[in-house]
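As written in TrEMBL, here are the features:
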type: ACT_SITE; residues: 119; note: active site, charge relay system
type: ACT_SITE; residues: 194; note: active site, charge relay system
type: ACT_SITE; residues: 218; note: active site, acyl-ester intermediate
type: BINDING; residues: 168, 194, 215, 216, 217, 218; note: substrate binding site
type: DOMAIN; residues: 73-539; note: domain 'Amidase'
């Protein structure tokens, strides 16, 4: 007991030190902004942060806006957001030197002088990538991740790191070190996760461009919940070197790195900058596919598949309305909309996603929590992963008649043999080809799909791991998928929610109905999907939806 007590004290000391560092970061930001304002009292920060990224980048390039004016305007706004939502874990102090150098060098790169926020799990030299784990504190990265290196070569200035949920396997945003991040639009709601700090910071206007990752919706949840745009590219379109994964090594569910921003044009500018020669030379495993301008700027009418539900997670009234209204507007604009029938999503979620990510019975996931003081945010996955196989079998068997979804999850978390894992990978590959065949039979260009919304109350995602079905499908398929906010929850939506039952009418469905409540005025997005490697077409479709 004494040893345990001493160990816990040592852990709490590490947490306290990290929190002090976070506090010092904010104090430094405040001092830097104060200094700048005293030296440049006439600079209007509000007019700078109101500029869209393409316009801001142009003004930085032509010299009509100096990089330090832009930088300190955003540091000031980010500081305000950090105080309100607790989204920033660290100020990258070297960014001030970068700004000073930027004034002296030739204006190079598509993102010259643009301040960029970076998710905690993406390596920045000299800074921790914690994933919300105490054991990862005081282990600064030896070098920048490839994505950060490319951003810098394109003239961007990474200036803060942002908060994540412990382990990243959650769509809330809380850990024991830095605490809970709140939604900037409504503080009682989650900003989404696992790129939740990014969602809150970009959504609140404290960063004009953020970089996050996505293995089940981790870019799309924060964007949808905070009323902004994001794109999850095909897994290998952008380099993941120097990026920490939630479940390292698993290949069943494709992770991706991508941008979050207020509008689609900003996402396109970011991908233009990232898909450069620098990316391909720094990581030769990334296919050398530069940004296809022709596809992105095309105006030819699209043939669009759509569905209102996946028959696994019943959409909220606002989600259904978002798809219907978007479909109608697209048809009026001259596009062709074709119903797409989704089948067996329950099988995909349990057998491909859950079983794929926890194919070792969850043992590598459990190992990450060894020596940690909190196991929160991951819901039941941690406890199921810890349970012995006989208990999992017993629980799965006894719960099947009463809670079939729980039974399926428990069954999916058994330890697999190598042979079974290979068979699973083969099955996922076959499913992907079948999905593409159905897509091509309908001669589709892109797909319009629901996106979970509005933002759930803080703490609900841990109880509702099953609600990731709309997003995780496209990680299993490894298709590019983006989100665009299209509407706000109305009083009528809220009224209709009283009749929400769900497809299974189990504890999860009842909990989700509660989690949706009280969201009047909150944004609701749709998902825009394209075939693998068609990020430009996906963005083109997102732009169309945004414009309409």
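Cβ atoms are placed via backbone N, Cα and C, with glycine included.
Cα spacing between residue 194 (active site, charge relay system) and residue 217 (substrate binding site): 8 Å, rounded to the nearest whole number. Here the CA atom of residue 119 (active site, charge relay system) lies 16 Å from the CA atom of residue 216 (substrate binding site). Residues 168, 194, 215, 216, 217, 218 make up the record's substrate site, and a Cβ search at 8 Å around their centroid adds 169, 170, 171, 193, 195, 213, 214, 219, 221, 246, 255 from the same chain. Around residue 215 (substrate binding site), the same-chain residues six or more apart in sequence whose CB sits under 8 Å from its CB are 168, 169, 194, 245, 246, 247, 253, 254, 255, 256, 357, 475, listed in sequence order. Mean model confidence for the domain 'Amidase' (73-539) is a pLDDT of 96. The CA atom of residue 119 (active site, charge relay system) is located 11 Å away from the CA atom of the residue listed as 'active site, acyl-ester intermediate'.
Sequence-distant contacts of residue 217 (substrate binding site), defined by Cβ-Cβ distance under 8 angstroms and a gap of at least six in the same chain, are 171, 452, 468, 470, 471, 472, 475. Here the Cβ of residue 218 (active site, acyl-ester intermediate) has 34 other Cβ atoms within 10 Å, regardless of which shown protein chain they belong to.
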